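This report refers to the structure that appears directly beneath it.
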Amino acid sequence: MGSLEKERTTTGWAARDPSGVLSPYTYSLRNTGPEDLYIKVLSCGICHSDIHQIKNDLGMSHYPMVPGHEVVGEVLEVGSEVTKYRVGDRVGTGIVVGCCRSCSPCNSDQEQYCNKKIWNYNDVYTDGKPTQGGFAGEIVVGERFVVKIPDGLESEQAAPLMCAGVTVYSPLVRFGLKQSGLRGGILGLGGVGHMGVKIAKAMGHHVTVISSSDKKRTEALEHLGADAYLVSSDENGMKEATDSLDYIFDTIPVVHPLEPYLALLKLDGKLILTGVINAPLQFISPMVMLGRKSITGSFIGSMKETEEMLEFCKEKGLTSQIEVIKMDYVNTALERLEKNDVRYRFVVDVVGSKLD
């Protein structure tokens, strides 16, 4: 990042072990360089993948760990080589804060697929300092991994878009599914799923929410604007929906069967996996062969796609549905999130919280 300019300390809420319990933690931020922004965190969303990380579900966690990758903040200081941002700008950043800048993904605006990417927490930056996330008073981020939040989008509403929003937007664009008239399915109505309904509807798609029970029917149809609701245990309903969907977003973050949902896809339909699962998923090959169907995955989106998604949401008047909390409620919120007891994203009011 060039010559080092300044090192600062901040206080965040960190997990110390796989219990996942967060508590105040004061630490040094990495040194800021000429391409960096020093940012005061305003709001930070809570994603289900944060639970996987703080509880070491994937076997790769290092402690102390400050989670949070759906971050919106205010620029307090810019490095000498920063050109896109000024002090006072409201900006967002996500789960990737570094890349090699020379590989094929990096050179094609797909830096989230760089094999040398640096995660915004539970990783190590190029200077050897551990990266820490957005459940903290301040962060340091390179300008390449920051986007400006459009006027008209409130900070707490914008935060979940940095992950949940672009996780849906990116594959719709990349897989040629942006045109109106398509029929899409949303499997799982959580943080990503509810944005899937909103964004797909705004693109002119017919949207079916697929859930394990009937309890979210009214929310899906009347509040989020879905066109249809399908209960996966309803054999007749599932049979009637066979070969009806162009794509399905599978947002479920736990092990589940794939075959019932593959049956819902049309010829050349896509099952797009976006949920982080730490165990194998299974299916029999004829389920994809006989319909030339695809099981694929997608990981967040590039910074370019994030900018496009934010403008799309502003243009269409889309916001995330959230429950705003203070930091001292975060452990309760994480427990509720594990039980799917949130509509549909917790967002921490970091700037309004007592952190120490």
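Glycine is no exception: its Cβ is also placed from the backbone N, Cα and C atoms.
Now, the feature entries from Swiss-Prot:
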| type | residues | note |
| --- | --- | --- |
| BINDING | Cys47, His69, Glu70, Cys163 | Zn(2+) 1 binding site |
| BINDING | Ser49, Thr167, 188-193, 211-216, Thr251, Gly275, 298-300 | NADP(+) binding site |
| BINDING | Cys100, Cys103, Cys106, Cys114 | Zn(2+) 2 binding site |
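Swiss-Prot feature annotations superimposed on the structure.
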| residue | record | DSSP (3 states) |
| --- | --- | --- |
| Cys47 | Zn(2+) 1 binding site | coil |
| His69 | Zn(2+) 1 binding site | coil |
| Cys100 | Zn(2+) 2 binding site | coil |
| Cys106 | Zn(2+) 2 binding site | helix |
| Cys163 | Zn(2+) 1 binding site | coil |
| Leu189 | NADP(+) binding site | coil |
| Lys215 | NADP(+) binding site | coil |
| Ile300 | NADP(+) binding site | coil |
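Closest to Glu70 (Zn(2+) 1 binding site) in space, going by CA atoms and restricting to the binding-site residues Ser49, Cys103, Cys106, Cys114, is Ser49.
Checked against Cys106 (Zn(2+) 2 binding site) by C-alpha proximity, the binding-site residues Leu189, Val192, Ser212, Lys215, Ile300 yield Ile300 as the nearest. Cys163 (Zn(2+) 1 binding site) has Ser49 as its nearest neighbour among the binding-site residues Ser49, Cys100, Leu189, going by CA to CA distance. Taking the Cβ of Ser49 (NADP(+) binding site) as reference, residues of its chain lying under 8 Å away and at least six apart in sequence are, in sequence order, His69, Pro253, Val276. All protein chains shown were included, and the count of other CB atoms within 10 Å of the CB of Val192 (NADP(+) binding site) stands at 26. Checked against Leu189 (NADP(+) binding site) by C-alpha proximity, the binding-site residues Cys47, Cys100, Cys103, Cys114 yield Cys47 as the nearest. Ranked by Cα separation from Val192 (NADP(+) binding site), the binding-site residues Cys47, Cys100, Cys103 are led by Cys47. Separation of the C-alpha atoms of Cys114 (Zn(2+) 2 binding site) and Ile300 (NADP(+) binding site): 13 Å, rounded to the nearest whole number. Considering only the binding-site residues Cys47, Cys100, Cys103, the residue whose Cα is spatially closest to the Cα of Gly275 (NADP(+) binding site) is Cys47.
Taking every protein chain shown into account, Cys47, Cys100 are the binding-site residues, and of these the Cβ with the most other Cβ atoms within 10 Å belongs to Cys47. Comparing the Cα of Ile300 (NADP(+) binding site) with the Cα of every entry in Cys47, Cys100, Cys103, these being the binding-site residues, the smallest distance points to Cys47. Fewest other C-beta atoms within 10 Å: among the binding-site residues Cys103, Cys163, Ile300, that description fits Cys103. Taking the mean position of the Cβ atoms of Cys47, His69, Glu70, Cys163 as the Zn(2+) 1 site, the remaining residues of that chain whose Cβ falls within 8 Å of it are Cys44, Gly45, Ile46, Ser49, Asp50, Gly68, Val71, Gly94, Ile95, Ala159, Pro160, Met162, Ala164. Leu189 (NADP(+) binding site) has a Cβ environment of 25 other Cβ atoms inside 10 Å. Cys103 (Zn(2+) 2 binding site) sits 29 Å from Cys47 (Zn(2+) 1 binding site), taking the Cα positions as reference.
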